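Features as listed in TrEMBL:
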- 1-58: region 'Disordered' (REGION)
- 1-31: compositional bias 'Low complexity' (COMPBIAS)
- 164: active site, nucleophile (ACT_SITE)
- 166, 394: substrate binding site (BINDING)
- 392: active site, proton donor/acceptor (ACT_SITE)
- 415: site 'Interaction with DNA' (SITE)
């Protein structure tokens, strides 16, 4: 994401730029669109194992969107149209694939190079004993990969928790690739919905590398908390220790189940976000009291007190000006806190029609709470061609006018289970779920661009030229736009997954027609 009242739409289109000053976007297809069109010079068909790396044609940007089928071609160009197959490919030695829902048969069809990996660790959140969990083992065996694959579901010590993190950690001979994104490993999520994605390649440490770095420590702590099988845990931790993360262009913001106290309270959830923002160099004074946007695809049972006096306090952290003042909370009401939540009409008219609403699980008892109604903003999506691609991304940011102070993308939805809840007079943070995301900041992006590792790739010998990286950032940043047009209008209703909505969707189906499926597709299949 990347902007404000345009909701997740304008924000998502700013994916290719770093937080900071940005320009209004040009109209899709206009003359200034040529900069985006030059970014994908090679077709995916020509970029097979012997045809070069498809990432050579993708701009060096801090955030990307997954490609969506059935939208205009311009909306899938450059950083707007990355595929998992672009990233999970090549001569991979070890892969840790983490997700909540995992259709391994589909994943193998989308990323066929997984067949050749030396060691594969699948970390999932499927319910124990469920058909979906059993199918992972069945499909691994059918592919002949049992001997080199481990399947693991992390422990969930607190009720109502989930393993919800969506990521890949991939070892190559040249380095380590880290991918953190918002999609489940299933066909409809990675083909039909709006999804955010961060990836960065990291080289092996050399004589100039620091012994450790913040990103290394963040990733190490999260992997340790997963309680992986011993052999795979040791291998993953050794890989992390052997690579240079000093030029990471993001912070990791994770949650793990537990009752976190002392210094651990600031390692996870919204308290981690608060700690990072409070340590960041002062933001420009323009961001003092600036609006905050929260965009998510699932809503837990939250109260106004938690939202404003706990969660929003973390999103409002940081210093401004000369560092002597706090950024502070935004103004009250919908101008200050903007909750981007899909309307019923946006679901009905989406690429999947009513079926898309199954992946936006907000029940009436949560979505319909009176205090939330003043904060609702539409998804939108027009600025990045995704008005019909229902959002499954989760993104949070702070902005003023056309500038963005910081931006989060990952797996955290708006819930206490995901972000955590302070307890015992704010001396303890309780999280129920495993979550994983990244926080993008101007200081980290500037440091990356000034580092010796800018443009480093695990799968290509040719780094991205500095001029191309700069152009990509300019084009991405140009999409940030703010305005008053995306607040709910009279007649807009927030989507509630357990309401029986009347009428036909854009595909001609009523809400009871089961025309879609989360499992059982392979990547070459048409949706309907």
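Quick reminder: no glycine exception, Cβ is built from N, Cα and C everywhere.
It is 12 Å from the Cα atom of residue 392 (active site, proton donor/acceptor) to that of residue 166 (substrate binding site).
The distance from the Cα of residue 415 (site 'Interaction with DNA') to the Cα of residue 166 (substrate binding site) comes to 17 Å. Distance between Cα atoms for residue 164 (active site, nucleophile) and residue 394 (substrate binding site): 12 Å, as a whole number.
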